[in-house]
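K.L.:
Before anything else, here's the structure in question.
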Amino acid sequence: MGKIAFIGLGNMGAPMALNLVKAGRELAVYDLLPAGVAQLAAAGAQAAPSARQAVEGADIVITMLPASQHVEGLYIGEDLLAHIDPTALVIECSTIAPETARKVAAAAQARGIAMLDAPVSGGTAGAAAGTLTFIVGGDAGALARARPVLEQMGKNIFHAGPAGAGQVAKICNNMLLGVLMAGTAEALALGVANGLDPKVLSDIIAKSSGRNWATELYNPWPGVMDHAPASKGYAGGFGTDLMLKDLGLAAEAALATRSPIPLGELARNLYALHSAGGQGKLDFSSILNLYRKS
Ligand code: NAD
């Protein structure tokens, strides 16, 4: 088993990397912020002083960064690709624009390095439990090489198509998630304003035709689900600004193909309003605060 370099140890990257350490992998880790690095070092990973030093001698490089500009900035802007062994495999797990994924994969390919876009679904709970869904774009041979390591962080692995296809599928999923979370918040706020208990209403919806991922696993009303970010002051989880980014990616993809996404655009505006109100760093289920009267 060769060395894995893991860069980006935030809400998702840290628990994903921890699962690799627990599985006995040799890991070199790096993040711009010290908190994630310290957590991984305490678990037995090697703390690298820079991304370049992390990837030195690595057979596999995994990145889990916020957005397109961070991924392109690191691999191309900072020329990290020049420091990666041509026999190494790069697994890029961030949710970014498909064209950025294709551009970085082509730059890797030009150096003989195989690269996959492998965005994930399942949230921080899925990352911690090792039950993520990986939605992969790229070469089938590269995916076969990646599979053993992906299986140590996730449960479901889909090959969506060539480079960038993983990102297209992920963007479609997250646009639907953004719509469903806003709709769930709207329905719960309506019920509570009309005298219902949010827990009772949530239990009813969870067993009725309005049920969805939010009502089953990630209820936006504080106190309904102990483990959900809503019950922890909307800390951790999936940031409102990251959801806003994903809805922006959906809008760009829609424009490029003249696809109508009226609900996706409405959701994008709701999260933008919410972020502009100073709640961009809170978990995206805090969109409930736009609707809640008390
Ligand atoms: P996060 O902001 O918590 O973590 C990102 C980390 O990347 C931060 O620790 C940051 O310091 C680090 N970073 C940024 N630029 C860097 C660089 N050049 N070198 C090293 N480190 C750098 O974000 P997150 O919630 O972990 O999400 C990461 C990605 O996963 C995003 O693209 C997001 O859309 C996606 N995602 C998140 C969730 C979720 O529930 N949080 C679920 C699925 C997908």
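A Cβ is built for glycine as well, from the same backbone N, Cα and C atoms used for every other residue.
Keep in mind the model is a prediction, meaning the values are calculated, not measured.
Copied straight from TrEMBL:
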- 3-161: domain '6-phosphogluconate dehydrogenase NADP-binding' (DOMAIN)
- 164-291: domain '3-hydroxyisobutyrate dehydrogenase-like NAD-binding' (DOMAIN)
- LYS170: active site (ACT_SITE)
K.L.:
Could you list the residues of the same chain, at least six apart in sequence, whose Cβ is under 8 A from the Cβ of LYS170 (active site)?
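P.N.:
The list for LYS170 (active site) reads THR95, PRO119, VAL120, SER121, ILE135, ASP246, given in order along the sequence.
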K.L.:
Would you identify the secondary structure of LYS170 (active site) according to DSSP, in three states?
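P.N.:
Assignment for LYS170 (active site) reads helix.
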K.L.:
For the domain '6-phosphogluconate dehydrogenase NADP-binding' (3-161), provide the mean pLDDT of the predicted model.
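P.N.:
Value for the domain '6-phosphogluconate dehydrogenase NADP-binding' (3-161), mean pLDDT as a whole number: 98.
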